[in-house]
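Feature annotations, courtesy of TrEMBL:
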type     : residues  : note
TRANSMEM : A:37-58   : transmembrane segment
TRANSMEM : A:65-85   : transmembrane segment
TRANSMEM : A:115-136 : transmembrane segment
TRANSMEM : A:142-161 : transmembrane segment
TRANSMEM : A:197-218 : transmembrane segment
TRANSMEM : A:248-270 : transmembrane segment
TRANSMEM : A:282-315 : transmembrane segment
TRANSMEM : A:327-347 : transmembrane segment
Amino acid sequence: MTALTTPSEAPGAASAPADERLARTHPLVRLLRRPEMGALVAALAIFVYFSVATSAFLSPAGAATWLYSASLFGIMAVAVAMLMIGGEFDLSAGAMTGTTGLLVGAFTTQWGMNLWLAMLLALLIALSVGAFNGFLVVRTGIPSFIVTLGTFFILQGLNLAGTKLVTGQVAIQGMTLVPGFDAGKVIFGSTIPVAGVNLKVSVFWWLGITAVASWILLRTRYGNWIFAIGGQLQSAVQTGVPVKRTRIGLFMGTAAAGWLVGMLSLFDVATVQATTGIGQEFIYIICAVVGGCLLTGGYGSAIGAALGALIYGMILQGIVFAQWDNNWLKAFLGGMLLLAVLVNLSVRRQAGVRA
Amino acid sequence: MSAGVAAPILEVRGVGKVYGSVIALSGVSTSVGAGEVLCVLGDNGAGKSTLLKILAGVHPHSSGELLLDGRPEHFTGPRQALDAGIATVYQDLAIVALMPVWRNFFLGAELSAGFGPFSRLRVAEMRAITLEELGRMGIDLRDVDQPIGTLSGGERQSVAIARAIYFGARVVILDEPTSALGVKQAGVVLRYVAQARDHGLGVVFVTHNPHHAYPVGDRFLVLNRGASLGEFDKDGIKIDELTRLMAGGAELDSLARELERG
């Protein structure tokens, strides 16, 4: 037994090479390595640029506009980021914002259901669709990209066909006449003045959701499990993490976020288009990636995703204020995405992860 | 060297495993007690992994019996084996490369305070424990927040072993812990095996390298093609005999002669 392990050298043997080979990391360098740092720098640059280049951007009305835009994308991006850290995608997240709004609209305006009951029912339906997505992925091992692409098309079809069937039109209107609408508007559609800026209440929902998601990811057991499942599923299984439950929960999380955003837009404008949310599922993913999430899972942050959405909101409205052609937005977005992916790649390399 | 005749913690009697129509293991009996190192040796495809999976609760056995503290037991999953104090350090170490060392250390068994949905991780405590436990194994990490993927192979192995020991394991199963390591790193890991044994743990050391097994092992179970070729005490077998047995004895002799001539 003593042949290979002389007691005098063994303890030093493990630690000495580590000290020689690893350069000491400066606290500032470590701060820069946080997943959301790239997005923070980009957000500041974009903010400064549009503030200087346009007069409307920093005006109270202007700021309220891009913050509102960012808040709706931000709530979804944060939920999608949590799911992506867990190693999955949800392409049905965008259509879900439409489905939930349309359900509440149809239940109340067409069938006279109580508003709060209709909202609860829509939430339950959203959660079951999320659970269905999760269950299929966990049970069959089919990539979530495929499963949720399926649910995305189902929801898109149901939204359009269902709305036409029930109302004869492609939108639901007349929500203001529903009893209780004003009370609902206080929670989901009101405006709160802060320092001269009339902020939509959705901005506060966005901040709250980001804070809760950060807390879950960094300070609870679920957070640890989400990172582990997305980083190395097999290791999570071997260490006894309740893998199935956690993954299904994440899909239910994006569905619930879809419901929240559905309610926020419903009470803001009192109408719902049947096409609401369609085409936005990739924007949520892009916001999350720009915010530092790895497409392959296991790495990212909620604050980063929120910053990604802030960037998107600022560019979306900034381009309007600067009176550029709207189509530049897409080109810009693509460039940001590629840049972010390249930055994220170096993160993996540094941690010695095989691609 | 031998830890005397401690009552076995984990024992299998005539255990076997069938996957579909493939008999992966049949009629294997062995045991491990406190402060004892059982080496499971065999070439590729000998059934080492299958035996390991039965002991670790990953796949239930299909014949024979498994005894925990003398009582028959039928594990239905890894969590059950873990709760019974049987920890397995897998070849891939069950670590998540991108996660900090301390999060890996406590993965699946995180310390938290508060209750229900409002419980939070006891981060400072977990960091301190990780640092202390690794220090005890002679790994002096400056920063337990660095991703575990940045550590060397030997260090990762040590973190995995330290984790198994810390979480109250009574039996640690090591799956080929030295196969991917250099000579010096392998030496470090073997030292941890000896340390674990001295702490009173039962160690099951699965390897195909008799040179790594012999110095630390008390008993040697040699498997070949899913069956046992016998179990030997250290006094009862020499290292070259062990090597011969593993490689199919006569076959190795003829290979040696053939190579010498060439």
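Yeah, the Cβs are placed from backbone N, Cα and C, and that goes for glycine too.
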Contact between the transmembrane segment (A:282-315) and the transmembrane segment (A:115-136) (3 or more Cβ pairs under 8 Å, separation 6+): no
Range from A:65-85, A:142-161, A:248-270, A:327-347 with the greatest count of C-beta pairs under 8 A to the transmembrane segment (A:197-218): A:65-85
When counting Cβ pairs under 8 Å to the transmembrane segment (A:65-85), the leader among A:115-136, A:142-161, A:248-270, A:327-347: A:248-270
Intrachain residues whose Cβ lies under 8 Å of the transmembrane segment (A:142-161), provided they are six or more past its termini: 88-96, 98-99, 102, 129, 132-133, 136, 170, 251, 274-276, 278, 281
Cβ-Cβ under 8 Å with the transmembrane segment (A:327-347): same-chain residues at least 6 beyond its ends: 33, 35, 38-39, 42, 283, 286, 289-295, 299, 311-312, 315-316, 319
Same-chain residues at least 6 beyond the ends of the transmembrane segment (A:248-270) whose Cβ lies under 8 Å from its Cβ atoms: 71-72, 75-76, 78-80, 82-83, 86, 88, 90, 92-94, 96-101, 104-105, 119, 122-123, 126-127, 129-131, 133-135, 137-138, 144, 173-176, 181, 184-185, 187-189, 200-202, 205, 209, 222, 226, 276-277
